[in-house]
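TrEMBL annotations:
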- 106-315: domain 'Major facilitator superfamily (MFS) profile' (DOMAIN)
- 6-30: transmembrane segment (TRANSMEM)
- 42-63: transmembrane segment (TRANSMEM)
- 69-88: transmembrane segment (TRANSMEM)
- 108-125: transmembrane segment (TRANSMEM)
- 131-151: transmembrane segment (TRANSMEM)
- 172-190: transmembrane segment (TRANSMEM)
- 196-219: transmembrane segment (TRANSMEM)
- 231-252: transmembrane segment (TRANSMEM)
- 258-280: transmembrane segment (TRANSMEM)
Amino acid sequence: MRAHPIFILRMTGLLDGISLLVLLCIAMPLKYIGGIDVAVKIMGSIHGGIFILYALAILYAAIRVQWSPLWSAAAVIAAFIPIGNFILEWKLKKAQAQYSVKPFNYGLIVYSIVFFSFIDLFAQLPVMSTFAASVGSSSFIVGFVVGLYSLTNTFGNILSGILTDKVGPFKILMFGLILTSFSLLLYHFVDSPTLLIVVRIIHGFVAGLIVPAAFTFSANTTVNEHQGKKVAFTGTFVGLAAIIGPSFSGIMASRNSVPFVFTCVAIMGFILAILSAIFLSKYKPVKKEKTDTVTQASGSIFNSGVIKAIAVLFS
């Protein structure tokens with residue numbers, strides 16, 4: 001029997017609370033009173049790792065459990081209060097039986113893949129021209145490498161559409177995620193305009209494999225009545241990428257470097273590839289309902305579909 005998401009949240013919350021108390025009450029005195037600096041480094045690293053697990057448990061519970069977002073907010077706040085996790089654990093233990101577990105929404109992974117694909121694009125906008133100039137590119141080459149991504153991306157989109165129809169969207173999606181993530185890491189090796197052009201060609205082309213496959217996968221796993229909602233959610237994630245991508249890359253590039261920005265995006269791609277391999281490979285396409293209308297004369301061009309299309313043109 002699988003553990004309830006709230007139980008996982010309770011246990012990771014307790015570990016987070018205990019590690020925080022050890023850090024504050026034992027490691028900190030050892031550093032400032034006993035002069036043992038390594039105590040804080042070791043305990044701080046342990047607490048940081050536990051906190052990451054706790055944050056993932058909060059996210060997992062929010063996705064799988066039918067509860068108010070206030071519970072998630074309370075869990076986040078409790079992480080920064082020394083005894084907050086213990087109080088929250090007591091409350092969650094009482095509330096656990098009241099909440100059922102939702103079926104996992106596989107669409108969230110598809111939305112995240114779309115978000116990754118577009119944040120990969122938008123994260124380049126503020127930094128690519130300066131990065132190209134930093135490796136010795138002329139003004140012409142700077143403009144060329146910025147546009148080169150979109151050019152090769154178009155060819156990737158075309159190939160993705162053709163292959164998706166032949167082998168299915170899942171395999172193309174996996175290839176696109178893995179190859180794009182590796183191509184993002186290639187920017188660490190760029191030290192000349194020529195290498196930058198080569199990397200941009202590779203990056204743009206393999207990134208173009210993702211979106212057609214993701215959209216096809218989304219359409220194949222959605223009933224006709226929910227297509228509009230699916231498109232709306234997809235557009236929302238594209239909009240979020242347009243907001244987050246440029247600001248994230250600008251801030252992180254100023255503090256670290258442009259290749260570091262692309263590495264962060266690559267890590268996201270690898271994580272999504274793993275999640276896709278685990279969950280999306282088992283997801284079955286939704287069978288589309290056949291329409292009741294039957295064309296009486298197969299050779300006639302005056303069927304209902306053509307008539308509706310002509311009506312739209314002249315409406």
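Note that Cβ sites are derived from N, Cα and C of the backbone, with glycine treated the same way.
Within the model, the domain 'Major facilitator superfamily (MFS) profile' (106-315) carries an average pLDDT of 82. Note: the stretches the transmembrane segment (231-252) and the transmembrane segment (131-151) are not in contact (fewer than 3 CB pairs below 8 A, sequence gap of 6 or more). Packing against the transmembrane segment (42-63) from elsewhere in the chain are residues 5-6, 8-9, 12-13, 15-16, 19-20, 22-23, 26-27, 69, 71-72, 75-76, 79, 102, 104-105, 108: each is 6 or more residues past its ends and has a CB under 8 Å from a CB in it. Counting same-chain residues at least six beyond the ends of the transmembrane segment (131-151), those with a Cβ under 8 angstroms from any Cβ of the stretch are 121, 124, 187, 190-193, 195-197, 200-201, 203-204, 207, 253, 258. The stretches the transmembrane segment (69-88) and the transmembrane segment (108-125) are not in mutual contact, being linked by fewer than three Cβ pairs under 8 Å (pairs 6 or more apart in sequence). For the transmembrane segment (258-280), same-chain residues at least 6 beyond its ends with a Cβ under 8 Å from one of its own Cβ atoms are 104, 106, 109-110, 112-113, 116, 119-120, 123, 127-128, 130-131, 134, 170, 173-174, 177-178, 180-182, 184-185, 187-188, 190, 217, 248-249, 252.
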